[in-house]
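Now, the feature entries from TrEMBL:
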BINDING   Ser25, Gly26, Gly27, Leu28, Asp29, Ser30  ATP binding site
DOMAIN    363-436  domain 'Lysidine-tRNA(Ile) synthetase C-terminal'
Amino acid sequence: MPDLNSQVIAALLPVTCRKVFVAYSGGLDSTVLLDLCVGLPSLTGKIIAVYVDHGLQAESVGWGDHCRRQAESLGVDFQLLTVDARASNGESPEAAAREARYRALRQLLAVDDVILLAQHREDQMETLLLQLFRGAGVSGLAGMPITSAFGNGQLLRPLLDVAKVDIQRYAQTQGLQWVEDPSNQSSDFDRNYLRNEILPVLKQRWPALDKTVARSAKLCGDAAQMIEAWAKQTLPTVFDSTDGSFNIADLSILTATQMNCLLRHWLGRMGLKPPSQAVLQTLVEQLTTGRADALPQINIQGHSIRKYRQKLYCIPELSLQKDAQIKCWAPEQEQMRLSNGYVLRRSAASAGLSKDLWQNALVTVAPRRGGEKLKLPGRAGHHCLKKLYQEAGVPPWERDIRPLVYLGGCLAAVAGLWVAEWAWLRAADACYQLDWRASESV
Ligand SMILES: Nc1ncnc2c1ncn2[C@@H]1O[C@H](COP(=O)(O)OP(=O)(O)OP(=O)(O)O)[C@@H](O)[C@H]1O
């Protein structure tokens, strides 16, 4: 086995990289990582050692001082980040600290910057076993990736396939100085318990455990990538990009497992973390039983999953709140922000709401109250909004939140859908159209 040297880093670094941040806790592993970086002439002037003070232990300020001194003696820049790592309800202290650290580190990176972390093969083994004990699927069992996108830049783990003993040997032969975190000895945390109590016993029986488990992680990673690629390729066949819904009209060709996978992918695309197996199972059962609109409303991660006419919708709960106030639209205003996160925007069009009428009337925006009627251009008679919504397949929850626009107190338009005949015009540069969208998509 060749000695550990700076080539493990050189082999991973993109040629275009600008700044190289090193996540430096002052512990053994990141001390070795920093030293290996300093050994690369191509990185001169690019390295910034970053220490994150979680403020959770009395020693943390002293460790920060140690890191600063070491960085100075190595001739590299140093940055100290202070984070609020207090755990929120139900979160473990370890997870809260890691989340806060990653959030702070992510913000450092610009395009073409990289950050290096010092996890090694034993860390990978621990990660994989902890995932296994939590009942994870292949993507969890893939463990940590060697390279991944991170904020605007990239996160690299050059030591991920290096054995702990090689890191220890390097530190000793180079005479490096590092700090020991006493909390690593406490077996209160799951990872420490595994590291201190369980793995030594397992390794007596299976000495190459870190290597073989890392191989499993790699194989799971390959399988996860293939599943991801399949889901990415298949999702467009069921995804309706006009409203972000999941079209379930033709799911008979898919197995329950495939549906499960596609649903997870769809929810990820809607910004949700992978849901529990129980939630997925309920969704798949409801989809396969095929009873129209029988899906019980499922609320997860601040979103509501609902079914309407062979489509599943995943809607942020905030956006379902009715903005009950009547609002005035000032003439110079191009758009109006509603309290439920939607934005109503006016733009020039060659057909739509008459500009002239708009400019000479009091424009107000109000939610539906019930009983409103509209006469549409080119259609005989007045129609109840309820009937028009049904005809157009507008989901029931949307009917209550879609804003109605009044000119001089008369209903002139339903945002994004219809304009009343009396307010409608076709003439270049003389009309407005109204868009109504969730604010993040504006
Ligand atoms: N306080 C911190 N400041 C900066 N980087 C950190 C900090 N804590 C951890 N890291 C980075 O995250 C990696 C994984 O964290 P972990 O908690 O396993 O490391 P550690 O045991 O505290 O330290 P080391 O890896 O240096 O021995 C570290 O190798 C290091 O690169």
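Glycine is treated like the rest: Cβ placed from N, Cα and C.
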Can you count the other CB atoms that lie within 10 A of the CB of Asp29 (ATP binding site)?
22
For Gly26 (ATP binding site), which residues of its chain lie six or more apart in sequence with Cβ-Cβ distance below 8 Å?
Tyr51, Trp63, Gly64, His66, Cys67, Gln70, Trp178, Val179
Note the Cβ centroid of Ser25, Gly26, Gly27, Leu28, Asp29, Ser30, the recorded ATP site, then list each other residue of that chain whose Cβ lies within 8 Å of it, in sequence.
Tyr24, Thr31, Val32, Leu33, Ala118, Trp178, Val179
Over the domain 'Lysidine-tRNA(Ile) synthetase C-terminal' (363-436), what is the model's average pLDDT?
93
List the same-chain residues at least 6 positions away in sequence whose Cβ sits under 8 Å from the Cβ of Gly27 (ATP binding site), in sequence order, or say none.
Ala118, Trp178, Val179, Glu180, Asp181
For Leu28 (ATP binding site), what is the secondary structure state per DSSP, taken as helix, strand or coil?
helix
